[in-house]
Amino acid sequence: MRYRRPKYFKEKLESFEDTYLVKQPEQWKGKWRTKFQDCKDIFLEIGVGKGQFLYELSKRNPKSAYIGMEKLDALLIQSCQRAERESLKNICFMGKNASCLEEYFEENELDGIYLNFSDPWKKSKQAKRRLTHGLMLEKYEKVCRNGAILEFKTDNEELFEFSLGCLKESQYEIVFLTYDLHQEESCEDNIVTEYERNFLNLGKKICKVKCILKKNANL
């Protein structure tokens, strides 16, 4: 479904440029820790959407910093509004594409990446656009430190199988894997987003994999 931008979305986004919206993230490359001086680690969510997942994480972990990346920048209005209501100091957003990740982050700068219900790009010729494709995993490996986490959730089992195959060829080590997250005891700490709730209401199972980056492990 095509997303329709709300009226005056540019003006609304601009109102957050001095607080929660990072207009030129390339200027912070290698310096994100100076932006979040009170935080011990920095995590990125790619495809943050309306920001519910990252918003909840930032409230639970005030000593960690969270950056949300979303190519559909109009979606970030709700993300910024949520953060502003709670006066959160450990979160920000950027309206950018993950294909340019290395332009915004230095090597080893991130402590982890979250991917939640990413576009499956179902056609085989579109596979390289998937956020769990090997080419994207290489980008994550570069901007994340050794030992960083990667978490991926989806309702699409075909995409999940594809992702597992790519992960096994990467420098990531799988430490948790399930095809039915909500039957796991560890699900108690799971943050259920709007997307996830909709899928559950349709009777779909949620797949999840958690990995740890082990640089040079497969060399």
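Cβ coordinates are placed from backbone N, Cα and C, and glycine is handled just like the others.
TrEMBL annotates GLU70, ASN97, ASP119 as S-adenosyl-L-methionine-binding residues; of GLU45, GLU151, GLU157, the candidate listed for that same site is GLU45. Rounded to a whole number, the C-alpha distance linking TYR195 (substrate binding site) with ASP119 (S-adenosyl-L-methionine binding site) is 12 angstrom. Comparing C-alpha positions, ASP119 (S-adenosyl-L-methionine binding site) sits nearest to ASP155 among the binding-site residues ASP155, THR193, GLU194, GLU196.
The binding-site residues considered are GLU45, ASN97; of these, ASN97 has the fewest other C-beta atoms within 10 angstroms of its C-beta. Cβ proximity to the S-adenosyl-L-methionine site centre (mean Cβ of GLU45, GLU70, ASN97, ASP119, cutoff 8 Å) flags the following additional same-chain residues: ILE46, GLY47, VAL48, GLY49, MET69, LYS71, LEU72, ALA98, SER118, LEU131. Neighbour counts were taken at the CB atom with a 10 A radius for the binding-site residues GLU70, GLU194; the maximum falls on GLU70.
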